[in-house]
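*Asks:* Following this message is one structure expressed as structure tokens.
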Amino acid sequence: MLSAAHDILSHQGSPGNQSHAVLLADILPTLVIKLLAPLGLHLLPYSPRVLISGVCSAGSFILVAFSGSVGISLCGVVLASISSGLGEVTFLSLTAIYPRAVISWWSSGTGGAGLLGALSYLGLTQAGLSPQNTLLSMLGIPALLLASYFLLLTTPESQDPGGGDEAETATRQPLLSSEAPESRPDSSWNLSFQEKWTVFKGLLCYIIPLVLVYFAEYFINQGLFELLFFRNTSLTHAQQYRWYQMLYQAGVFISRSSLRCCRIRFTWALALLQCLNMAVLLADIWLSFLPSIYLVFGVILYEGLLGGAAYVNTFHNIALETSDKHREFAMAAACISDTLGISLSGLLALPLHDFLCRLS
């Protein structure tokens, strides 16, 4: 949807700096939702949240597809951001009351979403569909989201990891016809403000490394990708940029799916390695010491691997090390990390990108 927004903005004759507006419209609503989530989002039950997320997702496709102005296009991007932010907070919280293995599955799904989302838009437009028709063809995705939640997802009681044979023989009921998970009396949202603050302070050892990982990651993606241009290759500038994006998304998908193979306790190491990636690529823009684009391809694939590994291991560690009483709140509170890192990187990466462009 974001790729289509850029295309439609360009067809509307929008100036180039509107890409900054698209980025802000994409990230700021998500940031606001995640900042407010630990304070009062629990007052809205899970099912209405999922419904709102699906409706906003569909609305974003429709608005951008039929947009006649920059303002309407940006409103569509805002709706997509609301859907993404609300959905992530909701489903990460919901993992707390299911078996812990769902964190790995959730992470793998979100990693695949980045890769398949970009590929689907690229493939459909390359096949001859206009950006408008491509967006309208995607309206089945929000419908599938709602159907999978209300009709496929079963109640947490029937998937109790400690239930043994009883869980195997339990009649699994979809959430649409069962007691909603938010009605549980032991929900971790039933905490005092002091308890929430204590839990949040304990999460900082996970939140800060993930913020740093995403800061360095999106500093590279937003500020440096377009400047990493090699002339000694058959690839055009645009093709090089698309390869960077594809390799990054592939790395994220692989590492977000790797929890069963590799678990990392000290996510600080991933933050330091990602910051080193950022420093190497920034230095190359200044000094041009990397002789081949294939070395940059390797660094960017590695960047994606670090980012995905940091995400899945952070939430897995939180699930393991927080109590049942606090886990639901902790998962929702910690999901601010990636959005905060992306927002901070945007504040620095975009002005630096413009500065480096003026120097070149």
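Cβ atoms here come from the backbone N, Cα and C positions, even for glycine.
In case it helps, TrEMBL gives these features for our protein:
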| type | residues | note |
| --- | --- | --- |
| REGION | 158-188 | region 'Disordered' |
| TRANSMEM | 20-44 | transmembrane segment |
| TRANSMEM | 51-82 | transmembrane segment |
| TRANSMEM | 102-122 | transmembrane segment |
| TRANSMEM | 134-152 | transmembrane segment |
| TRANSMEM | 199-220 | transmembrane segment |
| TRANSMEM | 266-287 | transmembrane segment |
| TRANSMEM | 293-312 | transmembrane segment |
| TRANSMEM | 332-352 | transmembrane segment |
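Relative to the rest of the structure, where do these features sit?
*Replies:* Using a Cβ-Cβ cut-off under 8 Å and counting only residues 6 or more beyond its ends in the same chain, the transmembrane segment (20-44) has close neighbours at 2, 5-6, 9, 70, 73-75, 77-78, 80-82, 84-86, 88-89, 182, 187, 189, 196, 200, 222, 329, 332-333, 335-336, 339-340, 342-343, 346, 350.
Cβ atoms under 8 Å from those of the transmembrane segment (134-152) belong to residues 1, 4, 47, 50-51, 53-55, 57-58, 61-62, 64-65, 83, 87, 120-121, 124-125, 174-176 of the same chain, restricted to positions at least 6 beyond its ends.
A Cβ distance under 8 Å defines the sequence-distant neighbours of the transmembrane segment (199-220), meaning residues of its chain 6+ beyond its ends; these are 38, 191, 267-268, 270-271, 274-275, 277-278, 281, 300, 303, 306-307, 310-311, 314, 317-318, 322, 326, 329-330, 333-334, 336-342, 344-346, 348-349.
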*Asks:* Sort out the residues at least 6 away from either end of the transmembrane segment (293-312), same chain, that have Cβ-Cβ distances under 8 Å to it, and list them.
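*Replies:* For the transmembrane segment (293-312), the sequence-distant neighbours (Cβ-Cβ under 8 Å, at least 6 residues beyond its ends) are 103-104, 107-108, 110-111, 209-210, 213-214, 217, 220, 228, 230, 232-233, 235, 240, 243-244, 247-259, 262, 264, 267, 270-271, 273-274, 277, 280-281, 284, 338.
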*Asks:* So which residues does the transmembrane segment (102-122) touch in its own chain, when a touch means Cβ under 8 Å and the partner is 6 or more beyond its ends?
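*Replies:* Those are 3-4, 88, 91-92, 95, 134, 138, 242, 245-246, 249-250, 252-257, 259-260, 308, 311-312, 315-316, 319, in sequence order.
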